[in-house]
Number of protein chains: 2
Amino acid sequence: METIIFATKNKGKIKEINAILADMNVEVVSMEDAGITFDVVEDGTSFEENAMKKAVQIMEIGNKITLSDDSGLEIDYMDKAPGIYSARFMGEETPYPQRFQAIFEKLENVPEEKRTARFVSCIAAAFPDGRRLVSYDTVEGIIGWEAKGENGFGYDPIFFVPEKGKYMAELSPEEKNAISHRGKALRKMKEMLKKELEK
Amino acid sequence: METIIFATKNKGKIKEINAILADMNVEVVSMEDAGITFDVVEDGTSFEENAMKKAVQIMEIGNKITLSDDSGLEIDYMDKAPGIYSARFMGEETPYPQRFQAIFEKLENVPEEKRTARFVSCIAAAFPDGRRLVSYDTVEGIIGWEAKGENGFGYDPIFFVPEKGKYMAELSPEEKNAISHRGKALRKMKEMLKKELEK
């Protein structure tokens, strides 16, 4: 059984990826389980660069295939901000309701057709032998006029998903997983990993 | 026949890589030949990041497998400087003899065993489907006490190669190719490309 490190401190993400990879002969462990404590500086200029930087730096310490992810929200009217800075937008410690307010103010009187936005997720994998993999996916939506819903996290409460007629934070975990950028990117990564591990 | 773009404006590099890949069913073309004019900002924090950034950005424009390289000189006594800044050390326009002088001054009275240095070369490949490859190699040597030799380029005249008993710039192109970091990294990349193209 191949052990794969997921460069995250988030146990929820480990559970999620292990569920997705359940039918493969691999076990995904957290950095902590792999005995690695290391803070990667996310100074890349794209989701791919940030995700790959984490994967490569942790792979170089653990010497095992390492997965990592980076994601964010692109609001078209705000020139794709907050984008790669989503987690740090207005400061890492700023409560999300405060961020929502700032976004609603920037989009005041902006009509629906100009409120387009997307969640982007990028998953990167780094192999000790120099192979790297990148998968991307997005979910398209619009920035709503209020924060709604109790599920999810981050910007989910202000992100309206037209195909569901609901805000992202109103979706059940199952509904979200089926359409979400992270879920889709992880399933793409699974197919790529399968191919590479066959060799 | 697969067309591969080499993200460089240097025709010499295209010739070199085509010679190395001669027995594969691929043709390597320059950015210019692919009709791409684009300046990638080399703001990565490692050779891999810089090489990969170039490969990915050009691949996204050309939508073809794209190779790229980044290389530099690490002088241990100078905390591995100039490293990823080798080409820009003291300013991109600064003539190399002036840079050599500055290095000799920093290493004044530093004994041979502390003058260790290496040329590092990193080759990156980006595939449109999300696959990435990275190969690395180095050549170890010491910083000499004078600039010597007419071959090569960059820091070759001050880099003494103990196993050859000569400065890098004194080696013939054939001798240099056999031991050089770029040549070795390119041959590793060839093996990785072969495997990936078989799938």
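Just so it is clear, glycine is given a Cβ too, placed from its N, Cα and C backbone atoms.
Those TrEMBL annotations? Automatic predictions, nothing curated.
According to TrEMBL, the feature substrate binding site maps to A:Thr8, A:Lys9, A:Asn10, A:Lys11, A:Gly12, A:Lys13, A:Ser71, A:Phe153, A:Gly154, A:Tyr155, A:Asp156, A:Lys176, A:His181, A:Arg182. In sequence order, A:Ser71, A:Arg118, A:Phe119, A:Val120, A:Ser121, A:Asp137, A:Thr138, A:Val139 are the residues of the chain that are 6 or more apart from A:His181 (substrate binding site) and have a CB within less than 8 Å of its CB.
If you look up TrEMBL, you'll see A:Asp70 marked as active site, proton acceptor. Applying an 8 A CB threshold to same-chain residues 6+ apart, the list for A:Asp70 (active site, proton acceptor) reads A:Glu42, A:Gly44, A:Phe47, A:Glu48, A:Asn50, A:Ala51, A:Lys54, A:Ile84, A:Ser121, A:Cys122, A:Ala124.
Under the DSSP three-state reduction, A:Asp70 (active site, proton acceptor) is assigned to strand. If you look up TrEMBL, you'll see A:Asp70 marked as Mg(2+) binding site.
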Within 10 angstroms of the C-beta of A:Asp156 (substrate binding site), what count of other C-beta atoms is obtained when all protein chains are considered?
23
Grab the substrate binding residues from the record (A:Thr8, A:Lys9, A:Asn10, A:Lys11, A:Gly12, A:Lys13, A:Ser71, A:Phe153, A:Gly154, A:Tyr155, A:Asp156, A:Lys176, A:His181, A:Arg182) and give me their largest CA-CA distance in Å.
22
Check the binding-site residues A:Thr8, A:Ser71 for other C-beta atoms within 10 angstroms of each C-beta and report the one with the most.
A:Ser71
Among A:Asn10, A:Gly12, A:Gly154, which are binding-site residues, the residue with the most C-beta atoms within 10 angstroms of its C-beta:
A:Gly154
Under DSSP, is A:Gly12 (substrate binding site) helix, strand or coil?
helix
